[in-house]
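Here is the structure we will look at, set down as C-alpha cells.
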C-alpha cells in the first residue's frame, strides 16, 4: 500500500519557508522544500520572499494578511489543484471539465512551463487550439462579409459584391439563387449527357450514324454557356487571381469547359480531316463527367459534405489497413484456389492473376458467377475467403462513423461559437459607440 504526497490543510505554518495560500476560498498549506523544486514559479518566489517586503508581495498575489500570514489569490481552485501536482509528480494533468485554454492562462499566471504537461494533455490542448483557430477564421470570414468599409473605390465595391454573389450563397438571396441555379445546371448537364447516349433518343446523320439529338445538344450548349459565364465572373471578381488559378475545383471547371470550345472550333474550322472528330467527342464526353466534381465545391457551405470529407481523411489509416488486409487475402485465396482447382478437368482458374478477379468479387461479396470453384476444397476455400472479406470490410466502419459524428458535432459547435463571437463584438462596439455619444 502506498500513498502520494498531498498538500495538507491546517491552520498555521509548521516550518520556515512554508506558505499558506487561499485560492478562491480554498485554504492550502504548501511546503517550501517542494516549492523550491521550481524556483522560478510564483509560489516559490512567495515562499522565499520576506513578509517585511509588502511591495514585492503585492506583485505576486492579490492580497496578503500579515496576521494570519496568508496569501490570497482570486483564481480557479480546481485548476490550482492540478497545477500543484507539478511540485510532487513533475507533471500536470488537466482534469475533465476544465477548459484547456483557460488552464494554460492559469499556468502562465503561476509561472509554470507548458513542457510539464502530460502528452495526452498536450494533444488535447493542440486540438482545442485548432478549434480556436477555426473559430477565428470563421469570425474573420463573417466580418469580411459584413464589413465593406475598406472597399474604397467603386470598382472594388463592385468586385466585392460580385465575389459575394458568386462565392457566398449565404450572403444574400440572389447569391443563394445563383448557387441553386449552378447546382441544377450541373445536374441537368449530367442528365443530358447520360440520356443522350440512349439509342432511341438519338438521330441519324447524313452518313447513317447515330448522333445526339439536336435538343440535347442545345441544352448542353446552354449549360456550357452558363458554366462559362460563371467561371469568367468568378475569375474577374476573385481577390487573388493566383490562388483562384491554383484551386483544384477551378482547374476542374476549366478542364470541363475548354473541351467544348475546342471541339466547336475544330468543327467550325473544318479540321475533321486532320483528326477523327468522333474520338475527340468521345474524349469530351469523358471530360464532361468532371463537372459533377463541382458539386463538392458546395462543401464550403455544407456541413454534411465537410464532415464526409473529414471523416474519410481521418480514416485513411483504417482504410489503408483494409486495403492491405484485402490485398493479402486476395493473393492468398487466389493462389489457393488456383492450386486446388487444377485437379478438375473443366477448371475455370487458368492462372493466379486470373484468380485475382475471383478473389476480389468473392471477398467483397459481389459474386458475379463468371468464375467459380468446382472442387470440394475449392468451395471450402471460397467459403473462408467470403467470411474473411465480410470481417475485413466491417472493421473500419465504426471508426469512420465515429469520425463523422465527432466532426459533425464539432462543426456545429464551431459555427455557433463563431456567430456568438460576432454578436459579442457587435454588442461591444455598440456599447462603445453609446459611451462616446454620451460623452
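The backbone N, Cα and C atoms fix where each Cβ goes, glycine too.
The residues of the domain 'Potassium channel tetramerisation-type BTB' (19-120), classed with DSSP into helix (H, G, I), strand (E, B) and coil, number 44 helix, 19 strand, 39 coil. The domain 'Potassium channel tetramerisation-type BTB' annotation in TrEMBL covers 19-120.
If you look up TrEMBL, you'll see 176-411 marked as domain 'Ion transport'.
Annotated transmembrane segment per TrEMBL: 173-198 (among others), in sequence order.
Here TrEMBL flags 248-270 (among others) as transmembrane segment.
Residues annotated as transmembrane segment in TrEMBL: 319-340 (among others).
Taken from TrEMBL, the feature transmembrane segment covers 352-371 (among others).
Feature annotation from TrEMBL assigns transmembrane segment to 383-401 (among others).
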With Cβ-Cβ distances below 8 Å as the criterion, list the same-chain residues six or more beyond the ends of the transmembrane segment (319-340) that contact it, or say none.
312, 349, 351-352, 355-356, 358-360, 362-363, 373, 375, 377-378, 381-382, 384-385, 388-389, 392-393, 395-396
In terms of Cβ proximity under 8 Å, which residues at least six beyond the ends of the transmembrane segment (352-371) contact it?
326, 329-331, 333-335, 337-338, 382, 385-386, 388-390, 392-393
